[in-house]
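Asks: Dropping a structure here in structure tokens format, bear with me for questions.
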Amino acid sequence: MMRKSHPLMKIVNHAFIDLPTPPNISGWWNFGSLLGLCLILQISTGLFLAMHYTSDTLTAFSSVAHICRDVNYGWLIRYMHANGASLFFICLYIHIGRGIYYGSYLYKETWNIGILLLFLTMATAFMGYVLPWGQMSFWGATVITNLLSAIPYIGPDLVEWIWGGFSVDKATLTRFFALHFILPFIITALVLVHLLFLHETGSNNPLGIPSDCGKVPFHPYYTTKDFLGVIMILMLFLTTVLFLPDKLGDPDNYTPANPLNTPPHIXPEWYFLFAYAILRSIPNKLGGVLALVSSILVLALLPYLHTSKQRSLSFRPLSQTLFWMLVSDLILLTWIGGQPVEPPFIIIGQLASIMYFTIILLLMPVAGLIENKMLKW
């Protein structure tokens with residue numbers, strides 16, 4: 001068979017066709033392939049947008065308007081790209097949540113590359129948000145890059161180096177466009193490494209136990225199952241793009257960037273609001289930045305905080321309760337991130353931030369130990 005002998009086809013065959021897969025993985029395992037779909041979608045639409053976009057402060061805003069008004073189906077490509085980012089992060093957060101729930105983080109290499117992918121995706125999305133050069137683009141870039149000035153000693157110099165001047169200006173926009181274009185390809189390369197390490201161990205499953213004795217080939221079982229997920233997610237996506245394209249955006253970004261006029265509420269896109277809320281909950285600049293970075297980096301500690309003798313949460317009611325508390329807490333933080341900095345939102349944000357770290361670092365490891373005791377293992 002050619003797919004088993006041809007050097008290139010052999011790699012594809014081992015990854016997507018004859019790959020031994022657990023027979024019982026649920027719909028939560030669909031999000032890996034959906035993330036691949038999102039990445040392809042973003043690179044394709046982004047490429048066509050880059051053909052018409054100009055990364056100059058004087059013309060960037062107008063070039064985006066030109067894409068929407070004058071380019072054939074430019075409005076569709078632009079809104080697919082903008083909402084594609086939201087879809088990407090929805091799939092990303094569900095994918096990470098699945099990994100936490102079923103103990104997939106015990107595949108350390110795969111998990112750590114996943115965290116690196118999350119950081120790179122967040123950086124790419126942030127820089128992409130700056131490109132239309134609207135009010136929120138400009139002020140978002142100013143606020144977020146300014147956070148680096150909290151780094152002791154080198155901070156202020158580092159910020160000016162990133163800006164390419166003394167404020168967010170033409171140099172900043174040009175380099176953000178260059179980086180926004182190149183990063184997705186670096187992400188694609190890392191995705192292949194992510195898959196390489198995953199296929200070394202094989203997939204986890206909802207029971208969290210080895211499934212070597214009953215594995216099935218990926219094709220046709222999971223190609224079909226993934227395709228169903230693709231159809232469902234595309235229906236949701238296209239409904240949003242065609243009926244509610246601006247629902248997730250900020251109206252301020254329809255005003256061209258003006259360094260002399262600050263918007264009343266500077267807020268990032270919805271998918272960063274939870275981290276923004278954690279950042280704002282600490283009334284000290286360096287402390288806030290450390291909390292912000294820790295909120296993502298804490299994921300890297302999960303393999304070392306795993307105390308239970310079972311891998312998955314499927315049969316651990318205490319840890320399940322804590323997991324869903326964590327999900328609720330993140331939704332609460334997302335809401336707080338979009339609210340102004342005034343009572344009662346300040347204290348709610350601070351309590352939710354404390355709760356976030358407490359659940360992950362303290363309560364879940366303790367719950368694992370209690371469950372071990374309950375089972376008398």
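Cβ atoms here come from the backbone N, Cα and C positions, even for glycine.
Pasting the feature list from Swiss-Prot:
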- 31-51: transmembrane segment (TRANSMEM)
- 75-96: transmembrane segment (TRANSMEM)
- His81, His180: heme b b562 binding site (BINDING)
- His95, His194: heme b b566 binding site (BINDING)
- 111-131: transmembrane segment (TRANSMEM)
- 176-196: transmembrane segment (TRANSMEM)
- His199: ubiquinone binding site (BINDING)
- 224-244: transmembrane segment (TRANSMEM)
- 286-306: transmembrane segment (TRANSMEM)
- 318-338: transmembrane segment (TRANSMEM)
- 345-365: transmembrane segment (TRANSMEM)
Asks: Does DSSP put His95 (heme b b566 binding site) in a helix, in a strand, or in coil?
Replies: helix
Asks: By a simple count, how many Cβ atoms lie within 10 Å of the Cβ of His194 (heme b b566 binding site), its own Cβ left out?
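Replies: I get 21 for this one.
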Asks: Ranking 31-51, 75-96, 176-196, 286-306, 318-338 by the number of C-beta pairs under 8 Å to the transmembrane segment (345-365), which range is first?
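Replies: Going through each listed stretch, the top one turns out to be 318-338.
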Asks: How big is the Cα-to-Cα gap, in Å, between His194 (heme b b566 binding site) and His180 (heme b b562 binding site)?
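Replies: Per the Cα atoms, His194 (heme b b566 binding site) and His180 (heme b b562 binding site) stand 21 Å apart.
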Asks: So which residues does the transmembrane segment (176-196) touch in its own chain, when a touch means Cβ under 8 Å and the partner is 6 or more beyond its ends?
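Replies: Sequence-distant neighbours of the transmembrane segment (176-196): 15, 35-36, 39, 42-43, 46, 50, 53, 55, 110, 113-114, 116-117, 120-121, 123-124, 127-128, 130-131, 141.
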Asks: List the Cα distance (Å, whole number) between His180 (heme b b562 binding site) and His199 (ubiquinone binding site).
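Replies: Spelling it out, the Cα of His180 (heme b b562 binding site) and the Cα of His199 (ubiquinone binding site) are 29 Å apart.
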Asks: Compile a sequence-ordered list of residues in the same chain as His95 (heme b b566 binding site), six or more apart from it, whose Cβ lies below 8 A from its Cβ; state 'none' when nothing qualifies.
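Replies: Within the chain, His95 (heme b b566 binding site) has Cβ neighbours under 8 Å at Phe31, Gly32, Leu35.
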Asks: Same chain, outside the transmembrane segment (31-51) by at least 6, Cβ under 8 Å from its Cβ: which residues?
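Replies: Cβ under 8 Å, 6 or more out: 67, 77-78, 80-81, 84-85, 87-88, 91-92, 94-95, 98, 128, 181, 184-185, 187-188, 191, 226, 229-230, 233.
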Asks: Any idea what the Cα distance is from His81 (heme b b562 binding site) over to the residue listed as 'ubiquinone binding site', rounded to a whole Å?
Replies: 30
